[in-house]
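Right, one structure below, let's go through it.
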Amino acid sequence: MGLEMESMAATIGVSVAVLRFLLCFVATIPVSFLWRLVPSPPAKHLYAAVSGALLSYLSFGFSSNLHFLVPMLLGYASMVFARSHCGIITFILGFGYLIGCHVFYMSGDAWKEGGIDATGALMVLTLKVISCAINYNDGLLKEEGLLESQKKNRLIKLPSLIEYVGYCLCCGSHFAGPVYEIKDYLDWTEGKGIWSHSEEGLSPSPYGATIRALLQAAFCMALYLYLVPQFPLSRFTDPIYQEWGFWKRLGYQYMSGFTARWKYYFIWSISEASIILSGLGFTGWTESSPPKPRWDRAKNVDILGVEFAKSSVQLPLVWNIQVSTWLRHYVYERLVKPGKKAGFFQLLTTQTVSAVWHGLYPGYIIFFVQSALMIAGSRVIYRWQQAVPQNMDAVKNILVFINFAYTLLVLNYSCVGFIVLSLRETLASYGSVHFIGTILPIALILLSYVIKPPRPARSKARKEE
């Protein structure tokens, strides 16, 4: 068996550890389908917990489940013994343990060199545990004055231990997401809410959407395997790279980022297929005739939305969608004081939390600081665009194109840091194109204090009211 694994791994150009992970990861699809055949909610929770733990063991070894147990027990203990502070306690302890694992395993280096460990799954689990504790904490608050997301997701009653463990280890999202709320998991398991068979008398069929996700996954992996030998990361430190002109170096940065994204598109497409097939991804029906099922909870990326984003502000809505939603609900929105508007501080803090969640590599930190600058700069262009009079469509269209080109340039410049990780390589690649992707957003932010567009008419009308 070992020789067969080595031969198969060599054929597709990955390590045995990565091949083992990929086989277990793809196995989440049939395992998720079998969940539908389990007869009762308690049995479904047990099945979710056992199948997730078993696939983790087969993929990463026994120690992975011990690592998962730590934040799970810390989170549940805080909900039992310190409900009024369980949210902040779990946030600090969960992130603290995750950071410790990031430092100990140096997982980013392992991923770059073709290795794999349980840290990626632990990242997803950490967000689940924290959101559960915060929602249980929110259950103590009065509904008046709460955000819509708080009203929807807060927990009045403590989940049972088997419900909690099933939610944490449910195999469809355990390895690579998407992150979802425990209330949705409980409703899905118990056949309540939108999963109630009595609602609209319809039962959504997952098979068409699952096949589409699998075809998408196959295309993404094929394109990635085609592109990656042509645009190796080692080229950034190759003397030939330094001999190229500015535009060729900038083009290579674009292609490196473009190539790397298809790996993530593949992973998230497999997760999407798994979550759709289980039924958890269902989010309701379209208003078309006849109505069609929507599977938004399973969706973690909109590929065309990323590659053709008209604005940097759109990127969190189309890339790693469920984690972006988590960050918005549990970091960004909660930093905004009542009656105040969110600003650059909230944006930068949210991006910093996202960087720490990914790992303490300089490349991650720089990338997410860059992301905050990129989004702030894009907002400046958008405000100028909105201030253009209605009879000047040509000028407005030019600004739309400028925002698109700006997003394309700064995104692919910035994501080199996310890929290479080290401070030396990140700064060397940025410096090779004269730090254009850093200077440009900063220049736009500063320019916004000089060229201040008038407020839109709607804002004035609201003020007069």
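Heads up, the Cβ atoms here are built off N, Cα and C, so glycines get one too.
Taken verbatim from TrEMBL:
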type     : residues : note
TRANSMEM : 12-35    : transmembrane segment
TRANSMEM : 47-74    : transmembrane segment
TRANSMEM : 86-106   : transmembrane segment
TRANSMEM : 209-227  : transmembrane segment
TRANSMEM : 264-285  : transmembrane segment
TRANSMEM : 361-382  : transmembrane segment
TRANSMEM : 394-421  : transmembrane segment
TRANSMEM : 427-451  : transmembrane segment
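A Cβ distance under 8 Å defines the sequence-distant neighbours of the transmembrane segment (47-74), meaning residues of its chain 6+ beyond its ends; these are 20-21, 24-25, 27-28, 31, 34-35, 38, 89-90, 93-94, 97-98, 101, 116-118, 121-122, 125-126, 129, 162, 164-171, 174-175, 189. Of the recorded ranges 12-35, 361-382, 394-421, the transmembrane segment (209-227) has the largest number of C-beta contacts under 8 angstroms with 12-35. The stretches the transmembrane segment (361-382) and the transmembrane segment (394-421) meet in space: the count of Cβ pairs below 8 angstroms, excluding pairs fewer than 6 apart in sequence, reaches at least three. Within the same chain, residues 5-6, 44, 47-48, 51, 55, 58-60, 114-116, 171-172, 174-176, 210, 214, 225, 267, 270-271, 273-275, 277-279 sit at least 6 positions outside the transmembrane segment (12-35) and bring their C-beta atoms closer than 8 Å to a C-beta of that stretch.
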